[in-house]
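**Student:** Quick paste of what TrEMBL says about this protein:
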type     : residues : note
TRANSMEM : 6-28     : transmembrane segment
DOMAIN   : 7-178    : domain 'CSC1/OSCA1-like N-terminal transmembrane'
TRANSMEM : 102-122  : transmembrane segment
TRANSMEM : 157-176  : transmembrane segment
DOMAIN   : 199-361  : domain 'CSC1/OSCA1-like cytosolic'
DOMAIN   : 372-644  : domain 'CSC1/OSCA1-like 7TM region'
TRANSMEM : 374-398  : transmembrane segment
TRANSMEM : 418-439  : transmembrane segment
TRANSMEM : 466-485  : transmembrane segment
TRANSMEM : 573-603  : transmembrane segment
REGION   : 726-749  : region 'Disordered'
């Protein structure tokens, strides 16, 4: 059980760590040699060049010798807040701008709640005397600030019931206003954004097989018949996963070859050597340059064979295609309607933007997808509940008795006060942080198995899984195992009628554990994010051994991105803790506010100067953010209801039961009011953009614009002939035949002339 002294020691350690990271960042970002590490986004936009010198008479392109700049090392903070949100959206995209609004949402919710809770609940809790009256109960002064210190059946509990209503109403109000703002920004963004291939394209999956037609011909026939006035072209999807793995492998080998060639150029007297085994550490010693040259030559041969197979094998084409239309309106109608009476065939959805496509999953058959999703759900269930074991171990570290029981030889060391404070105030949080660091990649692998067609949907699905894991294991697991470990002796030596009361008292006491976790993860962890130590080391390693040209130097930059799949669920944990403990133990709220404020500042800076978006979904994730805050709010209401039942306050039960009902009704209202804007594209807006585009660009050759938009990246990155099916699609007479037939039926020869002219123009443009 962490005391006030332990919390102070933990705060000092984490504040010192955060300050060290920030000072190191402030110094390193000023050095010209690190410019591409801390400002890669501006290099990618072409608005920043490598600094050549600094420091007046003492010019140096590696170290900043202008000492005046060191006096303003803090100026990155106001600079991060200075950019208006509209400019931020233009600069970084709507996804990034709305992501930082999640932190702003936390501040809007918890700052007023904190002020009110400290003004009302803290005095009410502190002046109680319950903890002093219970013998043999482990507690600290912080616990006296919680509801545990209020006597059972006391009228003081009315303040907590009223506060629960205030928290619920205020949270719902802020959520509604924020949902409204984000929805408006999304619609404005979609209406004002430039032309993109995904605006005209639909992803079609589970194309039925025909004996006398290829997949490409079947797709073309279907859409010429069912969308004759709007269908433009299509691109079939190839199972090029094996070729993509070869390309990735060849890039790795090429990097090693470049490394050893650079090493040999610097020391021509000695040719570098390597070993043929794992990681170059085991096996036969060979000449490194000759070895990697031979490996690249060998993989080139395999690549050529695979390329030939893709070009000529009809089985390489999978039953899916990207179908493009002549207008946004036509694409919207197709994407948002059912195409066949058989609901398992011709499944359509909006195509992701080209950089958002997750090509590996497009080759997965539809039936296999359902099986894999069931298996992924079972694996997630097992992971969640088996992980309770390490969580219980972490909770054992939250008390000295638990540590001594597990590691009895440390008992003399634990008797020292300084060690005791560090162990109880710092170790549990850092141990939980280490355990959680292993999870994101495991959860991402489970989500990839489910067959999502885009990186954005993959991230959202991973975030859903991670949020469930944090909810079950970190929150409920920490409370349940923590209460059981700490109060085990008392459970075994008291009347059964007293156990609910002990549990009710013990649950708020876990606030001290979560405070230590917040300081480790939310303070020091966020400060480490801005330092970018790993990308810094990686960049200088690549710049030293692999970079030969300016293009190589650009490729060596690792701007990173906002990892929505892990960062958003972690933010939701802070929302959950704030909502649960705002009425139970308000002392935790200032620590949460520091997290939201500091994170808002850091991530705004990173989005402006560092991160490069993997995709742009137009803030499609906001309904998930809203729903998870609602889930946290309902959990806080139910836990308060259970806690007050141990306080002889059964008369408050009807009042508290109203809150979850009102919250669920509010969520359903928001879903009906706003969610459709995040899953559908209004036909009115589509027609408006089409009309504007036809007026401003009457000669636009849309077919040429969309021609290679959804070709697999391996066909773009490699200097190779495109598969024959792609060329067949462009030369197919079906579209022209359909247009000609429609013209003949309508008896309008002018349409035939226009069609011929358009085709001739598209050929030469």
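Placement of Cβ uses the backbone N, Cα and C atoms for every residue, glycine included.
A TrEMBL annotation is a machine prediction, not a hand-curated record.
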**Student:** Kindly state the mean pLDDT of the domain 'CSC1/OSCA1-like 7TM region' (372-644) in the predicted structure.
**Tutor:** 80
**Student:** For the transmembrane segment (157-176), name the stretch out of 6-28, 102-122, 573-603 with the most CB-CB pairs under 8 Å.
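**Tutor:** Answer, by Cβ pair count: 102-122.
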**Student:** Same chain, outside the transmembrane segment (573-603) by at least 6, Cβ under 8 Å from its Cβ: which residues?
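**Tutor:** Residues packing against the transmembrane segment (573-603) from afar: 18, 77, 80-81, 99-100, 103-104, 106-107, 109-111, 113-114, 117-118, 121-122, 125, 142-143, 145-147, 160, 163-164, 167, 171, 470-471, 474-475, 507-508, 511, 514-515, 518-519, 522-523, 526-527, 529-530, 562, 628-629, 632-633, 635-636, 639-640, 643.
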